[in-house]
């Protein structure tokens, strides 16, 4: 029971970190970026390849898995994404599907189509158990590590958004671009940095998730749907919405696959449809928010 | 001026339209070796035609159109396997199943923004994929549904190995549904759809029952997609989970965008063009195919469809 809950939370936290960048582009910049998973895949591949080929320690790989996709995201935002902010959603969908296809083919070309195996360092491999019977709580150390790291990131991001100057600029730019620009905020720069951070987080999530989710060239297509669900269900007006949605979906998915394995991902998809029909703007949306 | 005059003018046939259809119907005869790919093209064209009804004429963005394709396909295959092998009855059954699903699913597209619609349509497709995968006793699960054997079309034309009967069967149904779709979009009903696509609020203000119209056209498109799916399983004798896959929805969206949204021939030409291209490129490797199609999509959006497909317009004056 508790073990399931624990695994669900770990999975949910991971989903949250993966989807957060998407929540920002989609919710704040109103850009339907289906290519988000490609950045996550980039982070995953950076980590796995560095560890396999160059024996770089896991903890050194993580910052690199953040920096690589962040840089990539920044460059792409400046060159390709920015002209598309004002285009119709259909164009954005097509464009980002195109990017996903390129990324899938590229990963296949450079790293091969096989599943990449992630070798965890020794100190993350163990498992601790508490209690007994129905209340037995078994915690894999790696999952504990993910929960701790993601929780720290969440708190840090919340601080960044709510307390810093950059955060208030972002919120201003999102609420009304023209007024924000009029107040002397460099909206382009704010969006660029936001996009880069979002892509970086996706990369970090991809690196952390390579062990749990698996990593192969079809990763962006396979998990695109999960990120989208988190964002669509959580709503995009705050980061608490996607967080709660990710936890809910993570737990529902793990529990569903354990108790009713025959239905598999069916539970999560149906849950999403029901939630979206009930509240089309997402579950946790600030009432009276714009749009 | 009579209020109906512009509609009837639009309804008149252009000279090249009968030529186009005659050429299409003659194709299996002229190129007997290519009958199988012609069959696939006709089916894909029908599928694209169906998406065009909702995307091009009603402005509904959908990423889950494969749901109807797959359901129609499975329904027709199961019917052929367990009830009776007649293709036309099977087609009607497939369409019926897809129509029912379309009527129910049309409730999901009425609320929310583009994003919600994308997600819900995607979700419906995924739910069906999972269902088809889990109920493997009925659908064969990941192995697919084997052993679908069909009787002759109209009791006379046997399906042959070269695929010529299949090609004609699909082409004639494509023509039939094209005529239906053409008649619909050029009717007052079609005009109301375009009004909704262009400005939903204004359409509502002049008294168009927006919700009802959207539900109607969505159901209709679902029926056509179901017919395409039924044709697919009938002519290949096989139904697999692949019918529901996301890439199918993405492909058909792509075909439509390449050919031209909001123009009934767009889907047909896009399907023909893309299938030919795919046939050539993917004979090398499927990965390269994905790369090129991705690159093409990115360029298409960045440069703009008109400018990419008609490069000669680059040098004309910017009078737009």
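Quick reminder: no glycine exception, Cβ is built from N, Cα and C everywhere.
Where the annotation comes from TrEMBL, it is an automatic prediction and has not been curated.
Annotated features in TrEMBL:
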type: TRANSMEM; residues: B:20-48; note: transmembrane segment
type: TRANSMEM; residues: B:54-76; note: transmembrane segment
type: TRANSMEM; residues: B:88-110; note: transmembrane segment
type: TRANSMEM; residues: B:166-185; note: transmembrane segment
type: TRANSMEM; residues: B:206-232; note: transmembrane segment
type: TRANSMEM; residues: B:252-276; note: transmembrane segment
type: TRANSMEM; residues: B:288-305; note: transmembrane segment
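Counting Cβ pairs under 8 Å to the transmembrane segment (B:166-185), the stretch among B:20-48, B:88-110, B:206-232, B:252-276, B:288-305 with the most such contacts is B:20-48. Nonlocal intrachain contacts for the transmembrane segment (B:88-110), taken as residues 6+ away from its ends with a CB within less than 8 angstroms of a stretch CB, comprise 60, 62, 67-69, 71-73, 75-76, 79-80, 117, 120-121, 124, 150, 153-154, 173, 211, 214-216, 218-227, 229-231, 233-234.
When Cβ-Cβ distances below 8 Å are used as the criterion, the transmembrane segment (B:252-276) is approached by residues 20, 37, 40-41, 44-45, 47-49, 51-52, 55-57, 62-63, 65-66, 174, 178, 181-182, 185, 293, 297, 300, 305, 309 of the same chain, each at least six residues removed from its ends. Segment contact holds for the transmembrane segment (B:206-232) and the transmembrane segment (B:20-48), given three or more CB pairs below 8 angstroms at sequence separation of 6 or more.
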